[in-house]
Amino acid sequence: MTAIIERRESANLWGRFCDWITSTENRLYIGWFGVLMIPTLLTATSVFIIAFIAAPPVDIDGIREPVSGSLLYGNNIISGAIIPTSAAIGLHFYPIWEAASVDEWLYNGGPYELIVLHFLLGVACYMGREWELSFRLGMRPWIAVAYSAPVAAATAVFLIYPIGQGSFSDGMPLGISGTFNFMIVFQAEHNILMHPFHMLGVAGVFGGSLFSAMHGSLVTSSLIRETTENQSANAGYKFGQEEETYNIVAAHGYFGRLIFQYASFNNSRSLHFFLAAWPVAGIWFTALGISTMALNLNGFNFNQSVVDSQGRVINTWADIINRANLGMEVMHERNAHNFPLDLAAVESISIGG
């Protein structure tokens, strides 16, 4: 009898826990995805803060020349970063217990792998949590679909690209200057500015910013007049009021006269779908571009493609970009390679008689 009562209380406790986890009445919705999201993001954030402040230098290139990234080792907020895991580790799973000591784990950049893997799992769970809350409220799933774009971008630079290149040392450093360094090296090695998917991503991000600014300014400019012509149109309104204050028909008419009729939307749902879909599609393409360049399917190469009747090269802008790429590649990993790979791969020219 006692065992039956204990089992019933245990089942009742589990049921109450499930109800609390999935309740939409909580101030912050947790959900089953949140059960995994909370510990993974807390772990990633905690280790990031500690490592950014105090992590020792990391042998990123695997050549016994450690690179300092933390504040206590001479960096500031701009130059500081979590240095990627050493090339000596490659793509191996490298938790603390795989190293001979904590000092060795830190020297080989173990915190980077720990942070990145927990972070990616956490943001994926955040996306799942968005879908879960939408489902429980009877909403459609497009919020999670929109969030999949930055999740795909983060996964591309932190996981797909290192896998394609064969080492976590090729992942993006976790810091401001580290991000810019990653971008410069990426351009040098993959000519990303000449990749059509990157161009679509730029159009998505900048176009999305433009459309958001246009939409916001139109909405805040087209008031439903509640006053006479002798009074200010702003009279009678207060900031943050619940009642609708703008007229989409008026905004549509204004924009149609400013550009042309069919450049504007007269349907609010179509307009907001477009505002969401444009940047999301662009960022999806960028993530896809990073993933293809991970396998060295690089941007267009028009180097030395224009020649005169004598076969002499007429330099174009593509050749200028190529020269800049070689210069950036020379600066990158200057102690690990004598020459950029582009030069080292070319057979030496015999100058003997």
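Cβ coordinates come from backbone N, Cα and C, glycine included.
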Ask   = According to Swiss-Prot, which of these ranges is transmembrane segment: 29-46, 245-262?
value = 29-46
Message = DSSP secondary structure for His190 (site 'Stabilizes free radical intermediate'), reduced to helix/strand/coil, please.
response = helix
Key: Integer Cα-Cα distance in angstrom, His198 (chlorophyll a PD1 binding site) to His190 (site 'Stabilizes free radical intermediate')   = 11
Request  = Would you list the other residues of this chain near quinone - those whose C-beta lies within 8 angstroms of the C-beta centroid of His215, Ser264, Phe265 - in sequence order?
outcome  = Met214, Leu218, Ile248, Ala251, His252, Phe255, Leu271, Phe274
Remark   = If you measure between the CA atoms of His332 ([CaMn4O5] cluster binding site) and His190 (site 'Stabilizes free radical intermediate') and round to the nearest Å, you get 14
Task = Measuring CA to CA, name the entry from the binding-site residues Tyr126, His215, Ser264, Phe265 that ends up nearest Glu333 ([CaMn4O5] cluster binding site).
result = Tyr126
Message = Taking every protein chain in this structure into account, which of the binding-site residues Glu189, Glu333 has the most other Cβ atoms within 10 Å of its Cβ?
response = Glu189
Ask   = What's the CA-CA gap between His272 (Fe cation binding site) and Ser264 (quinone binding site) in angstrom, rounded?
value = 12
